[in-house]
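Participant: Below is the structure I would like to discuss, written out as structure tokens.
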Amino acid sequence: MDHLPIFCQLRDRDCLIVGGGDVAERKARLLLEAGARLTINALTFIPQFTVWANEGMLTLVEGPFDETLLDSCWLAIAATDDDTVNQRVSDAAESRRIFCNVVDAPKAASFIMPSIIDRSPLMVAVSSGGTSPVLARLLREKLESLLPQHLGQVARYAGQLRARVKKQFATMGERRRFWEKFFVNDRLAQSLANADEKAVNATTERLFSEPLDHRGEVVLVGAGPGDAGLLTLKGLQQIQQADIVVYDRLVSDDIMNLVRRDADRVFVGKRAGYHCVPQEEINQILLREAQKGKRVVRLKGGDPFIFGRGGEELETLCHAGIPFSVVPGITAASGCSAYSGIPLTHRDYAQSVRLVTGHLKTGGELDWENLAAEKQTLVFYMGLNQAATIQEKLIAFGMQADMPVALVENGTSVKQRVVHGVLTQLGELAQQVESPALIIVGRVVGLRDKLNWFSNY
């Protein structure tokens, strides 16, 4: 270990930054957030320093480096564009046994600045020891996506409850189980973020009163249309916290690779026409695992409330009194159309969009007359096997035979393929693609050649 990670208490303590440019400004911002009494010594200053000085937030000392400014300091930073000056600052600080950071010169510094994730009072610091700041930044960005913004509020509130937890729960094991429930309770976190004191108190009392081995919960998470980058931050956080993930065939391998490593995984293989596990059995899996006290994530492709049968699954849980929540996802219509260069609405061509299932219950029938109307875009989910019927019905109810159509296979993924033509060719085009695929019908499809961007990468 080349460096010892420590967190410094700088509030109301004198610190010095030598340099008045953009880099110095970034360092100053961090020290000000930490509550330091800050002096800036430089030949010239960018405007932000003048603003801060006028507000009484720091002191400016114009002129060459004055090492006597270090005499009362706890910490110094050399942030000029002159290596000689930076080395002088480092040497002067070293002689006074003051920790000094030298920007872009870790060997000349007695401490280095990490990349910081601030969820005060929770702080996470990432460092490459000065060898690769870009790598540290990339890791910080990844960690940022895993840590909810409201985590700091939850941590502060936890501090207020520590004495009560210690009094109510006699053993370390009981306290650990309580805190595990506490920190993954989405309702509590949201109530704290909304400053809803009544809801916070109600949720807290419920956490204290329910048995530690209480029933678990189910989180219905939309995985998006395929590209792992389209998974929402909240969705990512949920699959990282899951004890068990129940997932469909439409959830990509890239997304499953983001699931917590020690979480159990149950594949139920649902896709239009390929039901590996009956819906009722899926409902029972969710119920059974939640009743064991597990945190269950039901991971579905797209959005769980748009042709995902999410409502049916939650009705079962609701009837059994199992707590649940829903994390929306980017639905396939939105993702696939965007990655195909097909806007779903456009002032000149479509004032509305209809999301339509091509997989009806036995005896069901669509409202073909309204679907055939002008100035709208139709997106058919699970319609591949019904493409010929869709073509026939739309033409029969008055849609123009030359209406542009597109079929998007494996949308938003590296395997995406788009075939397009006109309505009279829809049945034939459907023979050229495989599920999962969407059918898009409307004049907006004609914009694809101009707006297509994804196939260029």
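Here the Cβ of each residue, glycine as well, is placed from N, Cα and C on the backbone.
Feature table excerpt (Swiss-Prot):
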type: ACT_SITE; residues: LYS270; note: active site, proton donor
type: BINDING; residues: PRO225, GLY301, GLY302, ASP303, ILE306, THR331, ALA332, MET382, GLY411; note: S-adenosyl-L-methionine binding site
type: MOD_RES; residues: SER128; note: phosphoserine
type: REGION; residues: 1-204; note: region 'Precorrin-2 dehydrogenase /sirohydrochlorin ferrochelatase'
type: REGION; residues: 216-457; note: region 'Uroporphyrinogen-III C-methyltransferase'
Participant: The record lists PRO225, GLY301, GLY302, ASP303, ILE306, THR331, ALA332, MET382, GLY411 as binding S-adenosyl-L-methionine. What's the largest Cα to Cα distance among them, in Å, rounded to a whole number?
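Facilitator: Site span for S-adenosyl-L-methionine, by Cα atoms: 16 Å.
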Participant: In Å, rounded, how far does the Cα of GLY302 (S-adenosyl-L-methionine binding site) sit from the Cα of the residue listed as 'phosphoserine'?
Facilitator: 37
Participant: Determine, from DSSP, whether the residue listed as 'phosphoserine' sits in helix, strand or coil.
Facilitator: coil
Participant: Please report how many Å separate the Cα atom of ILE306 (S-adenosyl-L-methionine binding site) from that of SER128 (phosphoserine), as a whole number.
Facilitator: 44
Participant: Look up ALA332 (S-adenosyl-L-methionine binding site) in the DSSP assignment and report helix, strand or coil.
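Facilitator: Once the DSSP labels are grouped into three classes, ALA332 (S-adenosyl-L-methionine binding site) ends up as helix.
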Participant: Determine which residues of the same chain, besides PRO225, GLY301, GLY302, ASP303, ILE306, THR331, ALA332, MET382, GLY411, have their CB within 8 A of the center of the CB atoms at the recorded S-adenosyl-L-methionine site, and list them by sequence.
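Facilitator: Here the non-site neighbours turn out to be GLY224, LEU250, PHE307, GLY308, GLY329, ILE330, ALA333, GLY335, CYS336, TYR381, LEU438.
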Participant: Tell me which of the binding-site residues ILE306, ALA332 sits in the most Cβ-dense spot, judged by other Cβ atoms within 10 Å.
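Facilitator: Within the set of binding-site residues, the most crowded position is ALA332.
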Participant: If you draw a 10 Å sphere around the Cβ of PRO225 (S-adenosyl-L-methionine binding site), how many other Cβ atoms fall inside it, taking every protein chain shown into account?
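Facilitator: Neighbour count, Cβ to Cβ under the 10 Å cut-off: 30.
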